[in-house]
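**Q** The structure's right below; bear with me while I get my questions together.
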Amino acid sequence: MARKYFGTDGIRGKANVFPMTPDFAMKVGMAVGVLFRSKATSRRVVIGKDTRLSCYMLENALVAGFTAAGMDVFLLGPIPTPAVAMLCRSLRTDIGVMISASHNAFYDNGIKLFGPDGFKLSDEKETKIEALLDSDISELPLANCEEIGRAKRVEGDIYRYIEYAKRTLPRDVRLDALRIVVDCANGATYKAAPRALWELGAEVIAINNEPNGFNINQECGSTDLTSLRNKVHEVRADVGIALDGDGDRVLMVDEKGQMIDGDQLIAVIAEHWHKTGRLHHKGIVTTVMSNLGLERFLSEKGLELIRTDVGDRYVVDMMRQKKYNIGGESSGHIILSDFCTTGDGLVAALQILACIKESQQPMSQLCKRFEPVPQILKNKVVHNKNVLQKSKVQTAIMKASEHLGKEGRLLVRASGTEPVIRVMAEGDNREAITAIVDDLIKLIARHDHD
């Protein structure tokens, strides 16, 4: 059954437009508080946020909702998403909230929810929350006047996260002699990432680390590597790290300015952990978007690749089922379950830096683990995502898949966070897959207005 408010990564939309309005955010706080209060002993919630302007508005609305439901609120301020997940466990909270629209521009925002175990909520829990959101607000069993919650702004938890991230690096590894450019996307990692890298011994050049409420992800971070590449060239850095607005994904740049995507980063970590006996069950989990080249590379190493739907929550679910400890997406969500319950860009980057130090190889050599199969990915903004259900579109997709055969892949899917249809094709013949993608994009555009 299609869900009404929750997408692949929480509730998301344009700030001050439903559902990202203060009144709805307050109701989210009430609904989530009521649901988790019933089983809670501490009745405690942590709320983190990134640096976009609308976070102040939504934070205050959520506080009103949670305290009305009888929950005590700890306000963490600007902090990465994985820090919220970590603090759910560390502070023994009943629920964790991150106010963020991840890699989206400042005018969007979202609400991500974590359980007391630090994992994102299950579909079942989100369905229960949606039912409460659709109920009459006056019928919600809110707290009695003597049980109304308190809110407290806490200081110093960003440093707890920094220490946690540093501890994921092997104890005998320091980052001395590495010159690192880190692009903080003017987002939630603007304090934590440069500080952690510096404390580990690196020479750190931080860029896009002056958020003003509007510049988060603006021509920077993991969605635009131009400024990072330029700075790496300018200062002759050994490596560049590009984080996104809430710090749950990472892409990297080598000393030559070449991009290293999530698939290559996963390959490096998987191969290293396999060699050192740290990889569980000889396999990893990725999504349907990961390149065929990664699958072939892992197969040659005797490792299995399991694909899930797009979304790090689905990757994590499969990792937990199979007891694998590496998973991720080509977009840069990398989940290392020995340390994290969700994607953590800083922790993933630290594992790559450890590989550089231990192998004594430059980034360009270390991170070229496989030759990607040619892949064409194009997005089409649509008025109605149900255009994919139209018979002519379905038939065209089926014929294109048959044409690619076993040596290629076709994926056509609606985004879970944007009004966009994504069309991706892979195959050894770049001209053929480009034609397939272009034809499908044109067909979708025509039928979107039918």
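Placed from the backbone N, Cα and C atoms, the Cβ positions cover glycine too.
TrEMBL does not curate its annotations; it predicts them automatically.
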**Q** Considering the Mg(2+) binding residues D244, D246, D248 given in TrEMBL, which of S102, S122, S364 is annotated for that site as well?
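**A** TrEMBL lists D244, D246, D248 binding Mg(2+), and from S102, S122, S364 it also lists S102.
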**Q** Could you give the mean pLDDT over the domain 'Alpha-D-phosphohexomutase alpha/beta/alpha' (161-257), rounded to a whole number?
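**A** That region's mean pLDDT is 98.
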**Q** Measuring Cα to Cα, how many angstrom lie between D244 (Mg(2+) binding site) and S102 (active site, phosphoserine intermediate)?
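**A** Rounded to a whole number, the Cα-Cα distance is 7 Å.
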**Q** Taking the Cβ of D246 (Mg(2+) binding site) as the centre, how many other Cβ atoms fall within a 10 Å radius?
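**A** So the Cβ neighbour count for D246 (Mg(2+) binding site) comes to 36.
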**Q** Using DSSP, what's the helix, strand and coil tally for the domain 'Alpha-D-phosphohexomutase alpha/beta/alpha' (161-257)?
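**A** Output for the domain 'Alpha-D-phosphohexomutase alpha/beta/alpha' (161-257) reads 27 helix, 19 strand, 51 coil.
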